[in-house]
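Following: one structure in structure tokens, then a few remarks.
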Amino acid sequence: MAWLVLSGILLCMLGAGLGTSDLEDVLPPAPHNCPDICICAADVLSCAGRGLQDLPVALPTTAAELDLSHNALKRLHPGWLAPLSRLRALHLGYNKLEVLGHGAFTNASGLRTLDLSSNMLRMLHTHDLDGLEELEKLLLFNNSLMHLDLDAFQGLRMLSHLYLSCNELSSFSFNHLHGLGLTRLRTLDLSSNWLKHISIPELAALPTYLKNRLYLHNNPLPCDCSLYHLLRRWHQRGLSALHDFEREYTCLVFKVSESRVRFFEHSRVFKNCSVAAAPGLELPEEQLHAQVGQSLRLFCNTSVPATRVAWVSPKNELLVAPASQDGSIAVLADGSLAIGRVQEQHAGVFVCLASGPRLHHNQTLEYNVSVQKARPEPETFNTGFTTLLGCIVGLVLVLLYLFAPPCRGCCHCCQRACRNRCWPRASSPLQELSAQSSMLSTTPPDAPSRKASVHKHVVFLEPGKKGLNGRVQLAVAEDFDLCNPMGLQLKAGSESASSTGSEGLVMS
């Protein structure tokens, strides 16, 4: 009995062991190096809202997007992103970062988007963003930034969107852009800061593609006439930054915050501004017209020779020597831009960017190129000529009908046809008597009867001939035209029809 109990216990233990092994084989394995407090999904790693005070360790190397927002991170360790060679987007918003430190983004050259918004950053030093050569979008809004080093963004050659709104910046260098340059930058948000002074010449020298998305609203700017004329011109040109936030552009009439008024709704504040001060602030773009297939050359003429020249196409493509990507545009050694054969895709604004040590600030020149299709050749036989020819032919036919005599053969045919249809071959005595009475009657017939009778034959009495059997002989004139009964005339003779009638008419 004891042997049987021991055997049963051993079998149960063996079955339990086999069941555990099978269960482990069914469950999916945990993701490779995924922290327990994070969520890993393919190449996305989310550690948001976990209350982290320090960076997690042993992150998966396959991550292309890392979300560490809504935590309590206070600092970033140098080189902490080195294992993440595939990282393209890093979200660090809503933390407690006060400084970035040198080397925080070393080995993150593949990063395209960096979100540092809603932190506690107060300064941005020259080397804080080293290693981000391919960065395209940088979000620094809703911090406490009060100062930017002159070269704070040096090395971010691919940066196109920079958001610095909702900070405490009191100045910004539009000439140097703190190391950014103008070749790639398309969006610059400086709204809701403490900007009290802006260099108007530097602002006017910016290219149009940057002015279009340069946000300066909600700043305590002074109500300056030059600034008013410049922003007014941008508003009239329909730049989106002015159009979208028209009511948010304000200025201070006095040096107190309570004197803030809206730029475009209180124009009476600027009624004493001279309009003559407006020209010269901003150079107008030069208008050029070209036809498809023509050659075009644009020159970047600056006040002094420039050492570096670059162009921006209407498609926001940076053009430097030797040529564009499609090969249709070439940048020559002297800095000019040449288009061999103009096409419709070349229509738009070309911007020349010139810089150099002898230039006080970067200069930009703009060319608005309008491309027109070649005019088609005029038609050799148009509708107007056809109409004129038809009128001439019609006039010739009318003149021939009026003045050309008809052919004799046609007249004989007409007379034969009319003789057969219009005049009977033998008339009865009753018909002759009716003709006499209608001719010699002194009372004209009624108007309706006259209108109804269309074919009337004129008859007359021949003088010198007596009536036969008590009747007057009626004769038709020898020149009686059977084809034209309306044009008949009485036969001329020595005696009139009245005297003929005096010989006496026998009526039955």
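In case you wondered, yes, glycine gets a Cβ from its N, Cα and C as well.
What Swiss-Prot records for this protein:
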- 25-61: domain 'LRRNT' (DOMAIN)
- 62-83: repeat 'LRR 1' (REPEAT)
- 110-133: repeat 'LRR 3' (REPEAT)
- 1-19: signal peptide (SIGNAL)
- 20-383: topological domain 'Extracellular' (TOPO_DOM)
- 405-508: topological domain 'Cytoplasmic' (TOPO_DOM)
(request) Summarise the repeat 'LRR 1' (62-83) by DSSP state, stating how many residues are helix, strand and coil. (result) 0 helix, 3 strand, 19 coil
(message) At a C-beta cut-off of under 8 Å, are there same-chain residues at least 6 beyond the repeat 'LRR 3' (110-133) that contact it? List them, or none.
(response) 69, 81, 85-104, 139-158, 163
(message) Counting by DSSP secondary structure, give me helix, strand and coil numbers for the repeat 'LRR 3' (110-133).
(response) 0 helix, 5 strand, 19 coil
(request) State the mean pLDDT for the domain 'LRRNT' (25-61). (result) 81
